[in-house]
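Peer 1: After the structure tokens below, expect a handful of questions from me.
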Amino acid sequence: MNIRKPLCSNSVVGACTLVSLTTAVILGHLMLRELMLLPQDLHESSSGLWKTYRPHHQESYEPAPLHIQEHAEQLRAVPTQCDVTPNSRFDCAPDKGITQEQCEARGCCWVPAGQVLNGPVMGQPWCFFPPSYPSYRLENLSSTESGYTATLTRTSPTFFPKDVLTLQLEVLMETDSRLHFMIKDPTSKRYEVPLETPRVLSQAPSPLYSVEFSEEPFGVIVRRKLGGRVLLNTTVAPLFFADQFLQLSTSLPSQHIAGLGEHLSPLMLSTEWTRITLWNRDVAPSQGVNLYGSHPFYLALEDGGLAHGVFLLNSNAMDVVLQPSPALTWRSTGGILDVYVFLGPEPKSVVQQYLDVVGYPFMPPYWGLGFHLCRWGYSSTAIVRQVVENMTRTHFPLDVQWNDLDYMDARRDFTFNQDGFADFPDMVHELHQGGRRYMMIVDPAISSSGPAGSYRPYDEGLRRGVFITNETGQPLIGKVWPGSTAFPDFTNPETLDWWQDMVSEFHAQVPFDGMWIDMNEPSNFIRGSQQGCPDNELENPPYVPGVVGGALQAATICASSHQFLSTHYNLHNLYGLTEAIASSRALVKTRGTRPFVISRSTFAGHGRYAGHWTGDVWSSWEHLAYSVPEILQFNLLGVPLVGADICGFQGNTTEELCVRWTQLGAFYPFMRNHNDLNSLPQEPYRFSETAQQAMRKAFTLRYALLPYLYTLFHGAHVKGDTVARPLFLEFPEDPSTWSVDRQLLWGPALLITPVLEPGKTDVTGYFPKGMWYNLQMVPVETLGSLPSSSPASSFRSIVHSKGQWLTLEAPLDTINVHLRAGYIIPLQGPSLTTTESRKQPMALAVALTESGEASGELFWDDGESLGVLERGAYTLVTFSAKNNTIVNKLVHVTKEGGELQLREVTILGVTTAPTQVLSNGISVSNFTYSPDDKSLSIPVSLLMGERFQIDWS
């Protein structure tokens, strides 16, 4: 073991012992269980909290002399220790506002922001830790087969109650690109998130990182071996580990930070004293508040195109504070500290390494990528039928019809009313006969107000003990849409079986195809319960993060209520995830096909089971624009099936807004139009013919691109790729892409530049270096059964970019979509449903580089069966273009996909007019070449599942 003295910032008394670690571990594979854990199993199979920290270039500090008294409140900071750069000050009063006397009694420094020479800074703490503030000391460091262990000791308590004075540190060098360390209480078992994480038994052979420890104050320093950049340095502020307050700070190597969802903000988070609160909450999206999901993972971009990520697996209420130094502080109200650091080195790899831990996204059924339509206010089957008929008559594709609460009897789950929905089952059968699917809302809260025997879900749930209980052991009763309600405990194995039974029984009446699970933060219309909440430390913790409403019980249930695995205090942020797991499981066992679940509440690992929509957004240009970074954020978090309510949910949309939102929504991975009961209807056919034509053009483009989109989801499912991705994921070495969040990519090949402001007929977007072809050059409508739209207005066919911002024409009927040179994408004739579009002929769009090369692939299966990869029931074909020749490679071919007909190949970037075109050696005479666009269109008659070769000269 190599021990050395660190380079400290001051020449003062104390040791900064650094131990350099260069060991590593074999990659394990994560499996997130269905939470069917017995209490005795939990200790061995849970991994606890994953914590994230961003690295920083500064060296770890060395403590100055400090005269330690018996109690923390008697400490006094040495005046010279308070000379800390304002942006590097770490808050010593996170729990409450305090006076100078109270601050100094904590042993901290007091410097009002107004007294700083550079002027006041909003958010800058007045009371902050001196570098000498006592922390833990590292002792008994020893090697293990997979890393290191050590003991951490603290000699004086902090100002939070129930400090844990002795801690255990375990460091695991799990893979070459993944470091894992945990800080626990060795004498008392604490709650750990029930996520089964990779188990690694040996050290990685060639890690990309080195690990060092500061002995006193204790800290972990993680460096990137290549260049020595510090990625994580926890010595910048003292470690806290009390029963209900855990705090860990780290420096960051840059101010370019993304992640930490869910929030309404730009893609890159501000480090100007920004607090992000993670405590799932039913609240309409707005800036600066905790929203529906909690994802304690961040990705940091570094100079030179490198990136790393950090994940803190902790489901307790927490704040994450970003400050300008730059630095980050985690403050959690419970659990343990369990930190994963992902070394990348490029951003794309960071996301994949994170998903190696939390799980790769599920593969959605093909129909789930079509258009979904819903509205709160479809109050009868007659209205729903009319909506579907109107969509068909006006030639708008519709794959999935939804219902909100309207279908229910007294707004109770697993019922339908006999007034407007007496023939509900018949309506769903009719949708199926038309090649469509059906989904409806299901809230978790179960009505408890009826007499015994009147409502089977509650009666059966009560008998089987599936509900969350209060301090007396009785079901906690809150209030949601049906009135008095109980809340299922989805961490209880019995609840999973009960939920499956309820889903199966209702499906036997109404054969729905997917589930929309809403209100699952869980939402509660009263605070806590009808009886209130007990006055205890879980309801009134010593530290309350910045939650909307100021209390953990606000708009949800009591924190001290009891669930199978732990208290709701610990499990709250997992409620939506556990319901998604239960719903996915129930659909698999009920329908026997691929599940399709869309959930409002999410947590880390959610994408493995379900998709997400962004909640009750407003019909406003602001929320239209914010939807882009939110879609990108969730793709980075491993939830690629995500979308916002097209045209907005709350408030009345306008025609222009709805057209522009539909154009952008055509490139949401999950495409749904949905709005509120009190807002004007906004189905596409409600607007003028001009608006309808513009929207229909966007629909046509999406449906033509579905084979490419489906192939992207396959990549997400098997490799951890993103579907919609920020530009920096493909171009990390171009700093101009880092903050772009008004554009998005579909995979590596398509760049979408939407109009996000009113009254605009042009749009400005960033084009990374290279050639970009306008997708309007590729004819798609002739392949399908939809009517042709009006001819496209003049457009710039090819963009030759040096890496620059460009202004493009964008009339109301146009969304700019560009195909990146070097890629081949599959297309298919668009139709009114995916049932029909999957039968249409296919095409290839080939975008050549200046050297005349391109590549791509197509994944295809039956679109809904389970286990297609395991059974080999799929087709995977790759395409490549080089030297004026296009060939395919049959990676794996079955009947599903092998018989797809290829009818058109459009080649972009053909600089010289060809005189001869061959398809499998046979001359093609009816090709067309455009000298203006440099495009070559070749009609062919080929099968995707057979080898082919296309030549031109």
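Yeah, the Cβs are placed from backbone N, Cα and C, and that goes for glycine too.
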Peer 1: For the substrate site, Swiss-Prot lists Asp404, Asp616, His674; sort out which one of Arg600, Arg660, Arg686 goes with them.
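Peer 2: The one candidate that Swiss-Prot places in that substrate site: Arg600.
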Peer 1: Could you tell me which of Cys82, Cys103 is bonded to Cys127 by a disulfide, according to Swiss-Prot?
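Peer 2: Checking Swiss-Prot, the candidate bonded to Cys127 through a disulfide is Cys103.
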Peer 1: Taking Swiss-Prot as the reference, Cys109 is linked by a disulphide to which residue in Cys82, Cys92?
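Peer 2: That would be Cys82, the partner Swiss-Prot lists for Cys109.
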Peer 1: Is Cys103 (disulfide bond) helix, strand or coil when read with DSSP?
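Peer 2: SS state of Cys103 (disulfide bond) = helix.
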Peer 1: Check the disulfide-bonded residues Cys109, Cys127, Cys533, Cys647 for other C-beta atoms within 10 angstroms of each C-beta and report the one with the most.
Peer 2: Cys647
Peer 1: Is any of the recorded positions Cys533, Asn652, Cys658 within 10 Å of Cys82 (disulfide bond) (Cα-Cα), and if so, which, in sequence order?
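Peer 2: Checking Cα-Cα distances against Cys82 (disulfide bond), none of the recorded positions falls within 10 Å.
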Peer 1: Any idea what the Cα distance is from Cys127 (disulfide bond) over to Cys658 (disulfide bond), rounded to a whole Å?
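Peer 2: About 49 Å separate the Cα atoms of these two residues.
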Peer 1: I'd like to confirm something. Which of the recorded positions, Cys103, Asn233, Asn470, Cys533, Cys647, has a Cα closest to the Cα of Asp518 (active site, nucleophile)?
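Peer 2: Considering only the listed recorded positions, the nearest one is Cys647.
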Peer 1: Taking Cys108, Cys658 as the disulfide-bonded residues to compare, which has the smallest set of other Cβ atoms within 10 Å?
Peer 2: Cys658
Peer 1: Work out how many Å separate Cys108 (disulfide bond) and Asn233 (N-linked glycosylation site) at their Cα atoms, rounded off.
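Peer 2: That separation, Cα to Cα, works out to 21 Å.
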Peer 1: Which three-state DSSP class does Cys533 (disulfide bond) fall into?
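Peer 2: In three-state terms, Cys533 (disulfide bond) counts as coil.
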